[in-house]
Amino acid sequence: MQKYDFDLFVIGAGSGGVRAARIAAGHGAKVAIAEEYRFGGTCVIRGCVPKKLLMYASQYGQGFEDAAGFGWHSAATSHSWTSLIAAKDAEIARLEGVYQRLIENANVEIFKGRAQIAGPNRVTVTGASVSARTILIATGARPVMPPVAGANLMITSDDVFDLPVGPPRIAIIGGGYIACEFAGIFNGLGRHVVQLHRGSQVLRGFDDELREHLGDELKKSGIDLRLGVDVVAVERQRGALSVQLTTGDAMEVDAVMAATGRLPNTWGLGLETVDVGLDQNGAIKVDEYSRTSSPGIYAVGDVTNRLNLTPVAIHEGHAFADTVFGGKALPTEHENVPFAVFSQPQAASVGLSEAQARDRYSNVEIYGSAFRPMRAALSGRDEKALVKLVVNGSNDRVVGAHIVGADAAEIIQGIAVAIKARATKADFDATLGVHPTLAEEFVTLRNRR
């Protein structure tokens, strides 16, 4: 039997790669991992974690405003962008250390540098050439710039976390979750925000009613959301940026952020040397066990463009390690995965949208409610929450749940368990609610639309 330097070589130390390395090592495999940037990947370094820290920071302004309705009187407040970024940096450095220690404690050998596949079972990194029985690619994805003049003047979500100054006026291009989240962050921090989206509504792929409701709430929060419009060009003028629109209008801002999509990080990995198949967007094609078209090479996470969420990458990495090194054939599961958008207000979904359910089932029942949350009763804020259940009328099973409102992300996690367990509408009806809460609406919905 041929001998290799490692049983597994992982390229990329993000959430999926680190989980795969640790689990494989726990099964007794000799494992190495290579990372050219920082441990933790997109989620820890320039994604989910720092974004949510900024989201928390941005909510205090609204809290100060709402406090007056509850009898509080406070002096004028101000915000320090530099203090926020410094605190964020310290926390991210701490988490990066946690990730690296997890790898070290699992006795995984670490290579600092860019790894490339040099041929079957062969990887080069930092001048070294090593052999591995199995190679796992977990290199994630990167933001892409729109193909317009002046794109070099734009920033992306990667750049936002390191801005030396928070821009007073910012235009955000896009209608996906990243665009909506950063629009809420900058708006909450007191910046003037214009969100530009060429589509008819934000959050393509989500339930249509949720999309429309969130769009209305974003506008009411103070975001200048413009739909059906795109950017033609960006120019620097008198120390600011001039943004030319397809409507013929122009606006002046201090920063333009592109949040128009992400592409898999497959360039320069040497995939052509081993005939790893890619799709039209450059994502690595894999089967349900994360196997590529090349024997002995696997891929997990955003680089496969299956479902680009951190818990999904972790699940895929864990399933891969158990399958290849743990003797358990575990296909990856992508059904009923909950989604959360940390916009302001938050939006969250699990299961099928109403349109998807009607395409799949002949008998679909819809239950929903839009209402003013209790907090707004005294604050006077003009806002409405939305809850919605999608039910397969043939067997009463709840196949989709959607929510817009405070703590939607926390609420949908519990609802996801119920849907995963194939709960019926009768099960929801028989469950007592916690009163007074937004979440209780899911178990008190009675009127079918």
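From the backbone N, Cα and C atoms, a Cβ is placed for every residue, glycine too.
Together with Gly175, Ile178, Glu181, Arg204, Gly261, Ala340, the NADP(+) site in Swiss-Prot holds one more listed residue from Arg169, Arg198, which is Arg198.
Looking at the candidates Cys48, Cys180, Swiss-Prot gives Cys48 as the cysteine bonded to Cys43 by a disulfide.
With Glu35 (FAD binding site) as the anchor, the candidate recorded positions are Ser15, Cys48, Gly175, Ile178, and the one with the nearest CA is Ser15. Largest CA to CA distance in the NADP(+) binding set (Gly175, Ile178, Glu181, Arg198, Arg204, Gly261, Ala340): 22 Å, whole number. Ser15 (glutathione binding site) and Ile178 (NADP(+) binding site) are 19 Å apart (CA-CA, integer value). Residue annotation for FAD gives Ser15, Gly16, Glu35, Thr42, Cys43, Lys51, Ala115, Asp302, Thr310, His435. The furthest Cα pair among them is separated by 54 Å. Note on proximity: among Tyr99, Arg204, Gly261, His435, the recorded positions of the record, the Cα nearest Thr310 (FAD binding site) is that of Tyr99. Around Tyr99 (glutathione binding site), the same-chain residues six or more apart in sequence whose CB sits under 8 Å from its CB are Ala13, Val18, Phe39, Gly40, Val44, listed in sequence order.
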